[in-house]
Every structure is written in structure tokens, then in C-alpha cells.
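Reviewing the structure listed below.
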Amino acid sequence: MITCPTGSDKGSPKDLNYPSMAANVTSMNLFTINFHRRVKNVGLANSNYKALISTNSKVDIKVVPEVLSFKSLNEEKNFTVTVDGRDMPEGISHVSASLCWYDGSHNCIVRSPIVISSHGALLFSYAFSILVFATSLSCKAIDSEDRKTYIVYLGSLPHNEVFSPLSNQIGILERVVQKTSAANFLLTSYKRSFNGFAAKLTEQERERLAGMKEVVSVFPSRTFQLQTTRSWDFLGLNQTAKRNATVESNTIIGVIDSGISPDSESFNDEGFGAAPKKWKGVCKGGQNFTCNNKIIGARYYTDDGASDAIGHGTHTASTAAGNPVKDVSFYGLAQGTARGGVPSARIAAYKVCSVSGCPTEAILQGFDDAIADGVDIITISIGAESSAPFQQDPIAIGAFHAMEKGILTLQSAGNSGPEAGSVSSVAPWTLTVAASSTDRRIIDKIVLGNGKTIVGSSVNSFKLNGTSFPLVYGKDASSQCVDSDARQCVAGWWHTEARQAGALGSILNTSKPDVAFVVPLPASGLGSQDYDVVKSYLKSTKRPRANILKSEAIKDDGAPVVASFSSRGPNQIVPEIIKPDISAPGIDILAAYSTLAPITGSTQDKRRVKYSILSGTSMSCPHVAGVAAYIKTFHPDWSPAAIKSSIMTTAWPVNDTKTSPAEFAYGSGHINPLKAINPGLVFEASKEDYIKFLCSVLDEGSVRLISGDSSSCPAGSAKVSPKDLNYPSLAANVNSSTSFTINFHRTVKNVGLPNSTYKANILSSSKVAIKVVPHILSFKSLNEEKTFDVTVVGRGIPEGSHVSASLVWTDGTHSVRSPILVAA
């Protein structure tokens, strides 16, 4: 039996535990309304939600409590919303507001509209129905506008304890959209490490925001792409290398990628202690995801949890810091011990990518959290198709604020090579990594019916049962590629098309024969010269036949050579900064992989593996991240610039006559981990140095917002040039065919021997004269700094050409090399 309460216990319709809140008040009177609500936690077991009210000045709204903390699933919490107001006019006038509960991933998880209307007693039912109808029409009109996702970048967070980034962002947004709609259009708030937000905006709203003095930039969200054992031995960092194990175990690498596979043996936490005390992050990996003492943190900004459904993030994370795992291979290929550069380091995974790509707003969320969580190094193997101005590049923005906190960011150069100017990572505070080969190369062999063997490139785990099969040309394949006749298809048919045509294998004419990719059927990639040999054979006989053998690993004595796909300089945003900075192994890299991910792009390929072979600057980037972490274990107090300098100035010089200029392919050279921990001298650069650099490319107002202080840019003759940044490499552009004199000013810090003397040596062509003043640097103590000037004089360089040189400081023990590049 149900008994209805009476008297003071009698309820009100507004007390129903309804997702929205509405009440009517008597017009022209003061009012206070209380809404009681209860919510159940169906998200993460351990979670905190904070209340945010979006309203106007007509009412005051208070939520008690403001924070809901849950310890388990299905736990319930109560809260009360109190609305105070006055002087509501007669009729159907109303005030709209909204309550959003935000969680740690920045998103408005639970939104409840709040509507207060005034009425005459006889009009209640009619007035409320009109209100609901009118609200629906209003929402429809807003939704029908052409809105796109934009990032509104506001620079550094103010140094003010009472400052609320989220309230500030809502306030800015309310100046261009209806106040009651601001929370609806706010997608993401960046408030832990820097200031900004992502929102749905019309073009007119974007323009109005861009014109506000407190806004650095407003730019559209873009979709970035992933840049997809033996390598560490090739670099000299073998398992017996000198290590600082205790410090290494307290080092945290933040991997911003496609997630991670916590069940991989590469991330087993056996022997690991608790997470470092400095760690401020959490494990929010979603369902069926568990962190451990190796993977100490996980967050995701997509809809499907932090688990890796692509394989890319697992591969990069294990390359940087995976545990040693013996006897792994890809179907017998590249068998050995898979391990990362710093196997004792911890990993924090930030999933910003799904199968559809990596949106700008998610990338910024990953940086915002990684910086605040307390990682030591950030590796991000993600890039755009082209470079963008720093204030519109989410990775440059995130890396800048990471640098402020002493965190070095490493980014892949991109896979758009060998076209000139294709490098997309161009910020000087980011270490940009190109891809090169190791001394192990994966090949396959094509055996033609005439007995000739041609070496091709693929990661082919299949062995055809037979000695040879009929061979047909691709353009004829539609009629001849059937099981009873042709078994090999050539030319434009590849993978899925070949399989659908009934082929057992395929041969491709590729522009990048130096790279092998995992294939879903017996297949091989050939350069144009070898491909023409196959075509000539096919035309020379009535019954051409061929076989594709299973891939094998061979020794490549010519390594390292930059990969054909690796993006090249020059830097299209600031030519005075050479990009990429360094090269590292990025071809045929065996590392951990996700068993949730397909190993090829073919839907018919059902194979799943724990370890796979991938190529790309995505693979080279975590190699350098591992080295950066390795250096930090020996020098925990070194700045990001010092670590970057040690990597660049100790790199192996590369004399690649096929790549000109080599600096646009390799940067300072090929990474040398063991030398990098003892570079002798380093080129330091602080936040203030980068601010001066930004003064040369941005207006003073934007620079102040980015820096978060009252930085002023020098004017007139005191204005700095981008080439004056204390960068380890030296570059300048000059007018073609005219005489020039260029001056570079640099400062180095002694981190080698207390009493040491370095002498300058110049390696150059006769096209320029280079002078270093002083040419001897004498140090009396560690951390002492000395300045020097490099003057380059030339008679003129033809347009589109360049002159390369290098400066090497040596004390008999250390060699500190800086490339010099002058381009017309």
C-alpha cells in the first residue's frame, strides 16, 4: 500500500529525480527554489565530478556539494541546487541556465538544463507548454547554424590562486554566443597546464574571438595522423651499457598515441616498486583496462578506452621503455630480445588517436594532462600533412608548456619525404626525429621462371607451396587472375585487389623500395628498375612464371641511411631553425603490438600477433625518447634544451651523397646514445630565450599571453632574429647571387671536465669563409658559460642552392659538433 505524505512532508513535482530542473515562480517577487537530485555512478569506479553553472545575472545558483567523489560503481550521491532571484516579470518570461558535472578528462559528462518561469495561476499549464515548445525551436535554430570545432588558445595559466580557468573560458565564450548556450558549445577545457578550450563556433564567432586581446589564436581542429630489438644494439646501447637503475625506475615517459596494451609482456611489472612519489596522475583506462607498476597511468580522449586497437601506441611505448622479452619474432623474422631504451622506466599512456585519426582537441588534452601528471619526457609520434604557425600547432603549443615545466617533447618528423619542406614538426623547443636504417634489413626474393632472382621489400611471412606460378600483368588481371590460371598479379594490383582477383601473390612498383611493410599475402615491392626487369621478362615468354619467397633478414653494411619516406627540411615556418634535428632507427623495427589490432590494412587478414615489424618516423621518435630518458637518469637536473643539445652535438655525422643537403634529412646526424650522456658542452635555452625567439615571429601581445607574464619584445635595432636563438645548429637564408655576411652569436655551458680548453675547428667548402671568435674557450669550473661568434662570409649563392659546413669544438676528449647551413 502506498501512502501519500501530507503537510510539510508533501512533495512537489520539481522534486522528482529528473535530469532537467524547472519551476514556476510568482512574478515580481523574490524567490528561492531548491532542487534535490540523486545520481548514480556508472562510469569509472574511482571518479570525481565538479559542478559548473552556466547562467546570467538574473539569478544566483549554488550547488551543494560542488564536488561528488565516488569510490565504486553504482554508488549514489545526493546534491541540492538552490536558485535565488528577484523581480521576474509577469507573463511567460523565463531564465535559463545549466548545470554541468565535469570529470578529470575535461568534458561536460552530465548536463542538466535549469528553467525558471513566472506565471499567473490560471496560465500555468498553458504557459509551460509554450515555454517547452519555444525552447525546442530555439535549440533547433542554434543547431542548424554551420558550426565547426575550433581551438581557442589563451596562452599560459595566470599565476593567481583564485583564477578559475573554466569560468574564465565560459565567460569569454559567452561574449560571442548566447549565455545560456555557452556550456552547450564548449567541448573541452584546457586548464591544468595551459589555458584554452575547444568549442563549436560559427565563422562569425571565430572572428570575434580572434579579435579579443586575451586570445592568442583561434584555429580549426585538424585530424593528425600516426607516423607509422636489433636497433638498440646498432646504436650501441646494449643490455650491458652503463645505467643508473634507481633513477631510471623513477623516470616517467608520457606516450601520447593510440593507447597501450597493458597485457603485453613488454609491460609486465615484475620487480617494479610503487610509482614514483612525484607522480600525480591516475589510471583512467576504461573498462577491462588495468594499470600496474610499469604502466602507472592511462587516460583516453576517444570513446573506446585507453586500450590500443591500432597497435601503434603499444609499439612506440615498448620501443622507448619496454621490458626485455627474449625469443620474440614476427613469424620467425627478426628473432631476438625485444626491449626499450630505458626498460626500467615507467610509462603513462595518453590515448588521443582512434582509427579515424588524432583530432587537435584530443592532442591538447593529452598534453594538458601529461604535463600536470608529472611525466619527465613526452614522446608523440603524430604529425600533420604540413607545418603550421606555432600558435596554431597543437603539438608546438603543448610542447612549449611542457618545456616550461622542464619536460622535453620529442616528435616524429613525418612520413611525407623525400619532398623538400615536408617536415611538419618545426618548433625549436621540440626535438624532431627523422627515420633511418639499421644494419638489419628485411627483404624478400622474387624468382622468375628464367632463373633470375630479384631482391624486393616486404615483411612476408608466407611460403608458397610450389616452385613457381603463372604471372600476368595487372591491367590484364581482371580476366586472367583466376585460381585455374594466373596466380601472380603485377602492377597496380596490391593486397586486397590482388586477393579479390584470385591471386596468390602480387608485385608492386614502389617509389620507396627501401621500406618493407607487413603484407596480407605473398607480395613484394620493387623499385622502377627492378620492376622493369619483371615486365620485360613477362613480355619475353608466352608462359611467364614466378615465385615469391618468404622474407628474410640480412645485414646492411651501408646503414645508417635516411629513409625515403622521412620528411625533409627546410623549415617552412622559420628557415633559421634546421629541421629535423636528429635521425634514429625507423625501418623494420620489431616491438610489442596489440592483439586487438589487425597487422595489415586488409579486412581479410585475421592474423593477430604480440610483436610486429613497423617502419616510420613513428618508430624513430621513441628511440630518441628512450635516449633522452637515458640521459636524464644521469643528469636529472638538466633542462630540456641541455638534453636536446647533448643529443644533437654528439650525433654521428652523416655523409650521404644521395641526400643534399644532408642537414635537411638527418639534421645534426645519427643519434649516438653513449656519447650523449657526456657531451662536454651544451647549448642552453630557457623559457626566456624562447620568448625572445617568439618576439621575432609573433606580436608582443601574443607573446605575453603565451608566456603568462609581462614580457616585452625589443624594438628597432635591438630586435632579435630567429637565428639568434641559442640553438645547437646554425642556419640562415640569404639573397641569391649577392655577397653576404652572417653573424651567429652562441653560448655554451661546460658540463665536461672542470678545467678544460676547447678549440674550434671548421669543416667547410671554399664557397664561404668562416671565422670563430674566440677560437679557444677555456673553462675553470663546471657549469661555467662562454660566448662566441661565428661569422660566415660568401660571394653569393645561386637561388635554390646551399652551402653546408660544421663547427667542432674539441678538448681532446669531447667533440661538440654544430652543423652550419646557408641557403639562398
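Note that Cβ sites are derived from N, Cα and C of the backbone, with glycine treated the same way.
Among the features that TrEMBL reports, domain 'Subtilisin-like protease fibronectin type-III' is placed at 15-116 (among others). When DSSP labels each residue, the domain 'Subtilisin-like protease fibronectin type-III' (15-116) comes out as 1 helix, 62 strand, 39 coil, counted as helix, strand and coil in that order.
The domain 'Inhibitor I9' feature in TrEMBL is assigned to 149-227.
Looking at the domain 'Peptidase S8/S53' (249-669) alone, the prediction's average pLDDT is 90. Feature annotation from TrEMBL assigns domain 'Peptidase S8/S53' to 249-669.
According to TrEMBL, the feature active site, charge relay system maps to D257 (among others). Following the DSSP three-state reduction, the secondary structure of D257 (active site, charge relay system) is strand.
Taken from TrEMBL, the feature active site, charge relay system covers H312 (among others). Reduced to three states, the DSSP call for H312 (active site, charge relay system) is helix.
Residues or ranges marked as active site, charge relay system by TrEMBL: S618 (among others). Annotation note: S618 (active site, charge relay system) sits in a helical segment as assigned by DSSP.
Residues or ranges marked as domain 'Subtilisin-like protease fibronectin type-III' in TrEMBL: 724-822 (among others).
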Between the Cα atoms of H312 (active site, charge relay system) and S618 (active site, charge relay system), what distance do you get, rounded to the nearest Å?
8
If you run through the domain 'Subtilisin-like protease fibronectin type-III' (724-822) with DSSP, how many residues end up as helix, strand and coil?
1 helix, 60 strand, 38 coil
Tally the residues of the domain 'Inhibitor I9' (149-227) by DSSP class, grouping H, G and I as helix, E and B as strand, and everything else as coil.
25 helix, 27 strand, 27 coil
Around D257 (active site, charge relay system), how many other C-beta atoms are within 10 angstroms of its C-beta?
29
In whole Å, note down how far the CA of S618 (active site, charge relay system) lies from the CA of D257 (active site, charge relay system).
10
Over all shown protein chains, what is the count of other CB atoms within 10 A of the CB belonging to H312 (active site, charge relay system)?
25
Suppose we draw a 10 Å sphere around the Cβ of S618 (active site, charge relay system). How many other Cβ atoms does it contain, all chains included?
31
